[in-house]
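Asks: Sharing a structure below in structure tokens format, with a few things to ask.
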């Protein structure tokens, strides 16, 4: 009989599982699957040409004009030819158009990811610019052999992009987007500020026209600063002059000329484009490379590269960097998307964004690209221009395609220092994040220390190690907050009173203390120690009295009815409790009773009271010692 009964139960469980699975499969139609994987299928048929097309067209063209110089500029950080930045922005934006859920982010190259890629190449002693490699339209690169192996920077960057996409897709499959909550805003702020410092130091050699040795690993910034101090006196004065003019032009234009222009015409001045055009003309007119040894781009291939299979066999060489780059790219995307979605009241699916970014990276890795994410400046511009849908990416990609197919060779006389100017000026918002520190200190010392650890770890070590250490420290602070919670004294006041409970009058025979954390094995000992100290101090002060004013007499009379000392523990913040915590409550009650002090627990949730009932805690602590409010706890003695 027992065997048949168990068999029946197993069959019932199987039937339930089959029914649930069948219901889910029937509810999931092919159309829903396609719409989920490709969100464009859901919104494009509903696209309103009259109300949306103009805004998306203006946004796309403006972003396209802005992205050309930026895409080329960020390649100086990644250590790859400038054309790779154009390819990256083109393919990234095009693939994300079909897969993404945000209407405002601009997907492509950005400073932090570019710097992380450059550091990875430096660790492998690879650098596209230093190798004077020539990119061709078949997606390969002619370069000298690396340690006898057929290896060049673009092979590595494509492998990194493939690995980052694979990592993001894996996170999406296992629905691990929730893990990014451990990368808090203070951590991102401190990390990106430090990354901006890395970027600035890396750009200085290009600004002054001296050769620089790429470094990777801990202490790389210190080594770079040491080299700069030795080579600074060999600066090319023409390069320095061009850089100063470029930085002043962009800074003055952004801070003083752009705001009134934007206010009047509702579009920003294309300052980077103006500077690029003028610099090319200046370079050709004065022959600055031949006469003054000013470094220029030299080679931008004409045409679209053919796809090639990524060298995933290179992933073991760079896997730690792949994970950190993939994570940072996603964090930048989802952080900006949440901001824009909240402002414009539309939904963003965090897990779908992992699919979108991961699949976009995988598809893009078949071309000469490097990892990408969301650009803060371009995304903010999308919002400012009133982008309605992600269709604006189609127009910006079209403009990029024209540059790749026909206009690229015209950019060859552009000085490298001008690209460095664009990068350096774009770092200003990141450096201004230091202003967050006073606000963080006012809210939480933990947050301030997370910012500082993220900043100094990233500056003194390198970007990958700094990110890992910052995340570990952030998680460690969660443990500290749980293990060392505050246990502080509060006062008692009538419900209608608006006085500060923590400074309100205490009574000799009643004290109220609040425990500010869940109660579990990690902090149970801390709870016991603090409670013992409170009981000891309470016993020593027993019998002392404190007068009250006339407005408090009626309330005070209720308290004076108590015939023995009472300690009320406010448990409002105790959201959950484990078996160790339950035993701790029982031990605390016994110890208080031994000291002739009545111990009352107030403000436990109904769910926890039900737990106490199930575990028979009321056999050790009378149920009347648990109150639903603190006020009942101190009046219902």
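Yeah, the Cβs are placed from backbone N, Cα and C, and that goes for glycine too.
Summarising the annotation, TrEMBL assigns domain 'STAS' to 509-637. Marked as transmembrane segment by TrEMBL: 57-77, 84-117, 154-174, 186-211, 231-253, 265-286, 314-333, 354-373, 393-411, 416-434, 449-480.
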Asks: Hey, does the transmembrane segment (154-174) touch the transmembrane segment (314-333), meaning at least 3 C-beta pairs closer than 8 angstroms, sequence gap 6 or more?
Replies: yes
Asks: With the transmembrane segment (231-253) as the reference, which stretch in 84-117, 265-286, 354-373, 416-434, 449-480 has the largest tally of C-beta pairs below 8 Å?
Replies: 416-434
Asks: Within the domain 'STAS' (509-637), what mean pLDDT does the predicted structure show?
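Replies: Computed over the domain 'STAS' (509-637), the mean pLDDT is 79 on the 0 to 100 scale.
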Asks: Let me check one thing: do the transmembrane segment (449-480) and the transmembrane segment (186-211) come into contact, meaning three or more Cβ pairs under 8 Å with sequence separation of at least 6?
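Replies: Output yes: the transmembrane segment (449-480) sits against the transmembrane segment (186-211).
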Asks: In terms of Cβ proximity under 8 Å, which residues at least six beyond the ends of the transmembrane segment (416-434) contact it?
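Replies: Same-chain contacts beyond the flanks: 69-70, 72-77, 82, 111, 189-190, 192-193, 195-197, 199-200, 203, 206-207, 209, 239, 242-243, 246-247, 250-251, 254, 272, 275-276, 279, 294-297, 376-377.
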Asks: Where, among 57-77, 154-174, 354-373, do we find the most CB pairs under 8 A to the transmembrane segment (393-411)?
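Replies: That would be 57-77.
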Asks: Let me spell it out: take the transmembrane segment (186-211), skip the flanking residues so only those 6+ beyond its ends count, and list any with a Cβ under 8 Å from a Cβ in it.
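Replies: 76-77, 111-112, 114-116, 118-119, 220-221, 224-225, 228, 231-232, 234-236, 238-240, 243, 293-295, 331, 335, 416-417, 419-421, 423-424, 427, 430-431, 433-434, 436, 440, 447-448, 450-459, 462-463, 466-467, 470-471, 474.
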Asks: Checking distant contacts: for the transmembrane segment (265-286), what same-chain residues at least six beyond its ends satisfy Cβ-Cβ under 8 A?
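Replies: Distant Cβ neighbours of the transmembrane segment (265-286) are 58, 62, 65-66, 68-70, 242, 246, 249-250, 253-254, 257-258, 292, 294, 296, 381, 384-385, 410-411, 413-415, 418, 421-422.
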